[in-house]
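These come from TrEMBL:
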| type | residues | note |
| --- | --- | --- |
| TRANSMEM | B:12-38 | transmembrane segment |
| TRANSMEM | B:58-83 | transmembrane segment |
| TRANSMEM | B:95-114 | transmembrane segment |
| TRANSMEM | B:140-160 | transmembrane segment |
| TRANSMEM | B:188-216 | transmembrane segment |
| TRANSMEM | B:222-251 | transmembrane segment |
| TRANSMEM | B:272-294 | transmembrane segment |
Amino acid sequence: MQMKMAAIAAGFSAFAMAAGLTSLPAQAAEAVKIGMITTLSGPAGYLGQDIRDGFNLAIEEGKLGGVPVEILVEDDGLKPGNGRQIADRFLTDEGIKLFTGIVFSNVAGATVPEIVDAGAIFVSPNAGPSEFAGKGCHPNYFVLSWLTDTMQGSAGQNASDLGYKKAFVLAPNYQAGKDAITGFKRYFKGDIAGEIYTRLDQTDFAAEMAQIRAAEPDVVFQFQPGGLGIAFLRQYQQAGLLGTIPMVISEPSMDHAILKAVGDAAEGLNVSGAWNTDLDNDTNREFVAKFEQAYERTPTMYAAQGYDTALAIASALKHTDGNVEDTEGFRQALLKTDFETTRGDFHFGPNQHPVQDWYAMQVVRGEDGELKLETRKKLLEQHGDPFAADCSY
Amino acid sequence: MTLFIEQMLNGLQFGVTLFLLAAGLTLIFGIMGVINLAHGSIYMVGAYAGTVVATQTGSFWLGIPAALAAAALVGAAMEFLVIRRLYQRDHLDQVLATFSLILIFNQVITLIFGRQPLFVATPEFLSGSIEVLPGLLYPAYRLAIIVVGLAVALGLYLLINKTRIGMLVRAGSTNRDMVRALGVDVRLLYTVVFGLGALLAGLAGFMAGPILAVQVGMGEQILITTFVVVVVGGVGSIRGAFFASLLLGVIDTALRAYLPGLLRQIMVGPEADALGAGISSMGIYLLMAIVLLIRPKGLFIPKS
């Protein structure tokens, strides 16, 4: 029996083991190496996959901004420890100076300091924790996506604009979840009827549904990224809440992959975000068409952010002729913001986080009978974040 | 009061889902002495096979035999090709081999279906809610899971306690060598038990489809909790797995539902919420630790 117990313990620890490695074939010898640490395995694997695929879409014949590049992709498996180890290896063994890819705030929290303290540059295609936006900002750290606080705040703004007075809020119990709730409350002008932190590995929300029903709010705000969001929405529908209590969410809880998987339970939902397939600008039109042709699926915002990150890096590589050893020069080149994005007007705030437009969207049924995310109006125009004021280099 | 009953139903529903997985796991573990980490992969295979067939044919019902058949086939093949070589080996080898099976299954599913989660619709007549008690609406689909789970538990009880196969299974879990010495084809018994365990896991996976997301890695999310059930209930005991599943299901749900509220009585709102969420996610592991201290063989193994 003791053997068996010991073996179970071994089984538990086996889950802590690292996940696989994927690397693109090596290209020209003098190519600039870019380290992409992202989440490719597990339920959230499609987030990293879209970032990688979007990023690769911008590479033309192995070149970004006319400079040959080699992308080294590794899977962090959504484990902060893995991310840090990969960064370590990329820094010492490969001598990489330029990093991107991280999807989740908790991985970023452990990995980004390692990278920027070693004098390398990190350009985030997704993760945007508030801790690195204010006092913890760093000159080598750029965010091309958004801050979790602002992303979820846009849902708060949306809820206020829609006239809701009493909100029930839920998010997973980790850094981004806390940022989400703080962000929502920052922009929402009504009262909070209840607040629940769920587990990050939780997939059954029946207990929470019952609490929502008991609290009788005007509106529910929830942040559940990836597969969690799918489970949450369908259980919300099954619990009979969909027709009675409206929901506002931000795009990470209703990206284009979730929309497909959720089906009818998504119809009518109020969504907010910085990017959508129907945003009216040339870069976006070109990106959506190219992505659909190359991968035969609808791009998510993660793909768009991966693409934008690649465009940003391309512009800086072009200005510096591919010299990433001079990080200060590379920084200045990136700060010129000499690139287009799929989100239209975009520039960096004083903390090198985005200043961009935010949109209200809604899930509607298109003429072809398929559900789609339709942009309704601009919620916030050229909006930065409240942490920038605390940042000084 | 209706809220409390609703939460207990939620706990019960979570419990029976756990039971479907734990029953197979505890049988395989207790009778064959094999630690099968890839049990969660069979759950995933069942979910995918059932979902694909249900989506292609448009019939939820056709998804059920598909899920069961795929899970049982994959389970039997797994036993024949891999597990069979592991019976005489160290537990660590078993863990290593079945862990690698998890990686292989996840990658194969990713290759075939991609990383985007799949969608499966709830069957029409189970999609609404039923008024269980006045003022208490409960999703019909969740009720169906509870009914199916309890029916499976009853069926297993009859199978284990009233049939010849069940007798062999019981004998096998008590004294494997004696069964072999009495001339029973142990190999066949093993394959049957493994296939049965896989079948139940496949059923659990398919039923979870309309509630959770059908996606790569869905098995690992629930597998660890399942192992906790097996340990708490006592290795090899179906009865133990049943009661431990329900116990853990109800405790987990109750902690999540009520702990933050209780803590809020004595501390500030946001801190109570965060602390409550933290403690409730530890709850079942704490329980396991306590059980291991007091009854190291599990709650439902008679002291010998």
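Each residue, glycine too, has its Cβ placed from N, Cα and C.
In TrEMBL, annotation is done automatically, which means it is predicted and not curated.
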Worksheet entry | Spatial neighbours of the transmembrane segment (B:140-160) far in sequence, C-beta under 8 Å, 6+ residues away | 9-10, 12-13, 15-17, 19-20, 23, 122, 125-130, 132, 166, 169-170, 200, 203, 207, 210-211, 238-239, 242
Worksheet entry | Long-range environment of the transmembrane segment (B:222-251) - Cβ separation under 8 angstroms, sequence gap at least 6 | 8, 11-19, 21-23, 25-27, 29-31, 37, 39-40, 43, 153, 156-157, 160, 173, 283-285, 287-288, 291-292, 297-301
Fill in: Top partner of the transmembrane segment (B:95-114) among B:12-38, B:58-83, B:188-216, B:272-294 - counted as Cβ pairs under 8 Å
B:12-38
